Every structure is written in structure tokens, then in C-alpha cells.
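Taken from TrEMBL, the feature region 'Disordered' applies to 1-83, 162-189. If you look up TrEMBL, you'll see 8-18 marked as compositional bias 'Low complexity'. Look at TrEMBL and you will find 32-64, 170-189 tagged as compositional bias 'Acidic residues'. Per TrEMBL, domain 'Histone-binding protein RBBP4-like N-terminal' is recorded for 90-163. Taken from TrEMBL, the feature repeat 'WD' applies to 302-344, 347-382, 395-430.
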Amino acid sequence: MAKRTSEAADLPAAKSAAKGQETARSPAVRDVDEEMGEFEDKWEDEYESEGEVVDAEAEGDDDFTPAQEDSAPPPAPTKTYLPGTAIESDEHLVPDNSVYLALHSLSYSWPCLSFDVLKDNLGSDRATFPHTSWIVTGTQAGEVPGQGSKAKDEVVIMKLGNLSKTQHDDDSDDDEEEEDDEGNDEDATLDFLTIPHIGSVNRIRAAPAPAGNSLPEPYHVATFSETGKVNIFDVRPCIDTLSGDSSKPRQKTPIHTITNHGRSEGFAVEWGKTGLLTGDIDKKIYLTTITPTGFNTSPQPYLSHTSSVEDLQWSPNEATVFASASADRTVRVWDIRAKGRKSVVSVQAHREDVNVISWNKGVEYLLVSGGDDGELNVWDLRMFNKGQPTPVANFSWHQAPITSVEWHPTDISVFGASGSDDQLTLWDLSVEPDEDESPNNAIVKSADGSDIPNVPPQLLFVHQGQKDTKEIHWHPQIPGMVLSTASDGFNVFKTISC
């Protein structure tokens, strides 16, 4: 991100440049040009010697108009902003569009602090702009202004359309035709349908879709409500309606509700080939499986954590194995075939609560965790049964609790993270530090002697501009596209970095 003074920000760079390019010669001068001979110089009397120019206005020539760019003040300089750097009262952050292939912001009537990307039938590895993305989210509605009552919460199925390529201020005119074809810099669109939901949605997750270009039928989505209930919906009718493929009635109630958690709310929800895992603040993890007759939740929970279960992840290649993160500062690995419903291995992963985890889809033994301590730890699960292991990578860049982590769906060395410090960061473990560089997290001195944080070489990108970012997801069908949600809405972007 770049920062500049508010005064400079009031005038867009493109308009400022256009203003400086206005003609410096009046129509009367252009008329004189047509009447003069081919080799005549109407300014010849103003030249006294080579390199010396006499002001035409001093000679009484009223036809000359000084160029506005000669008198316009230069634009305020911009500079790169590093998180943690103080911002003056007359400065604010503005995005550097040259590092974004696409950048869009969308908002809904209520905060949606959890969401998931829905599969579509538009194809995989899409690269042509504009893009379309489908997501499902849930609201955390507040009080209705003037009424003193809480608004009704909803599950929202959204179609984000016209996600066009970002127009850069320095794009050349030669590329205008190509850019027009790609729908550059046009506003994104948001179409949606809603399903009533009892209580705020703490977490929402969509069931994994089968390979191929077809959509699941039914398409299951699970929510964990603040009431302690886990609701399962079929969102396929809503998708078909928004696509214009169907007008069949949409069900307004859950197709199944899990009540095993009682009144204990939770934030851990994870679908897998084996079933649906849900974890609550009362340390319990339940497994719900799909049977020919419906859903079946085992009455006996998995118990090993000593505090709230914050996140769950199925193993990408072992259908009976899953991992959990807890406020007891541990990450545990479970096998549903093990007797006693206890974890088979665990490690103290952070100095404070472990909020989120993500299991690498391409490297079965890599798992990344984020905690209240603001740290990101990458673990080699093969070391979990060898005492207290240390992470293979540790990053302390964030200055507040980590709220979300997720590995890139195809690039095994890249993951994204978000924190309560309003930062969304992208990391690449394949980047090796230079031996001559300062250690990660060291403080270095700027030219004026002030302290600035040393940027870890594995830090690819820092995205800012949202308030209280809660979740991020990579789009599995649009390489490099990242979606995020925060208290002030959604961001959809694609960077030049990945």
C-alpha cells in the first residue's frame, strides 16, 4: 500500500495529468499558423540569442497562454507504507493499483464474518477477465436502528459478477482496445438470495464438490449458530435460480439440524469425505455422517482438548484422520478408528490460543497454524510423535491475533493469512533468505534513524484497507484470486505476486 496526503488524494492522478496537458496556445495563434509561410517563424523577434527566450507577454502578445503545468504545484510524493509505521493526520492509505491485476470491494447490509467459495460450472484455471465467483455467507446482524430489536440473520448465496481487470493510472493508450475487451475498471455486481437463519452465523462451510464440471445435487452447506445448533441447508435451488436455470421453489428451512452441542456455540466446522466435523466452546467435537436415510450424528464426542475447539481440518489424503486447534494452545491429530475417541498425538503450537489451522493439500505432512499471539507457525506433522517439535517456519509479522489461514489450492509453498491488525498477508516458503540480510522480525533503521520492521523474504504481499478481517479463501477455479471478509464488507483481488 502507498500513502499520500489527503490533499493530494482529493485529485486523482489521471485527472491531474490531463489537466496539465491542456493546450498552451489559443485558437487565435492556430489561425496565424495557417496564414504564415512554410519557413516563416512568427516567434523569431522574441529570440535575442541562442538559449535566451523573451516572455511573449512582455512584448505585448496577448495570444500566448502560459502552460498550466508551469504554474501547477507538483503532486505530493507517495511512499510505500509498512504496517506499524505512524500515519500523519493529513495522510491516508491508498492502494497501488500497479500491483493488482484485479481489486474489488463489495458490501452487504450486515457484517458477514464467515464465508466459503462455492463451486461453479464455468470451468477451472480461468484467466480471462471479467470473472464471476459464487460464495455462501452468513450474517451477524445487529440491532435495527430506532427499534431496539435485533435484525433477523440470514444465510446468503451470492453471485459476484463482472470482476474485471484493474485499470492502472499509467496504462498506455495503445492498450486501450485490449483493456476494453477485458472490461477494465468497471464496477463489480452482487446478486444474492437469502435463507432465514436463527441466530448469528459463527462459521459457515460448503461441502466438497465432486471433480468435473457439474454441481453437487443437493449442495450442502453447514452453519454453526450462536444458539449452539448446527444447521445444514441445500443451496442448489438458490444457485439455479440466480443462474436463471430454474425457478423451482427454494426451501426456507434447514434440511437437518444437529443439536448435540446443546447451547454451546462453536466456530469449528469442517466437511470431508467421511462427514461433517463440528467443535464447540465446551471442548467437544462431533462427527456427523451422511447415510442413505439422511444425517447421523454420533452421540459420543471426541474429547482431549481442555478448552474451546477453534478450528478443524480433515487430512487431504487420509479419510479417517483430522486435526484440531484449541484455545488450550495445542494442535491435535485424531484418527476416528482409534478407541476411546482421544487424540493420537498433540503439540503445544502457540504461546496463546490457537485460532486457525490449514492442512496443505499437496504436501500431506505440512500444516500451518495461527494464534492469538499473532504468530504463524508451519509444522511438519511427522515430527509430532517425537517429543515437543519446533515449527519448520515461524513468522511474527502480524501485530494482533491471527483470524484465518489457508494454503494455496495448487501452489504447495504459498499460503495466505489474516489478522486483527487489518492485514491480509501472502507468504511463499520457497523463498530462501539471503545470508547477508537481517534475521526475520529484526528491527532496522531507516534513513532518518527511525525504527522500521524488517520485511521477511517469504512475505509476498500485504493487502490492507479492510477493518477487522475475519476470513480469507483462495478461489479454487481462478488461480491466484483471493477473497476476504471483514466487518466492512468483502474484498476480491488478484495480485501480480501469485
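Note that Cβ sites are derived from N, Cα and C of the backbone, with glycine treated the same way.
If you take every residue in the repeat 'WD' (395-430) and average the pLDDT, you get 97. The helix, strand and coil residue counts that DSSP assigns across the repeat 'WD' (347-382) are 2 helix, 19 strand, 15 coil. Using a Cβ-Cβ cut-off under 8 Å and counting only residues 6 or more beyond its ends in the same chain, the repeat 'WD' (395-430) has close neighbours at 83-84, 352-353, 355-363, 366, 368-376, 378, 440-441, 453, 456, 458-474, 476, 479, 482, 484, 486, 491, 495, 497-498. The DSSP breakdown of the domain 'Histone-binding protein RBBP4-like N-terminal' (90-163), given as helix, strand and coil counts, is 3 helix, 37 strand, 34 coil.
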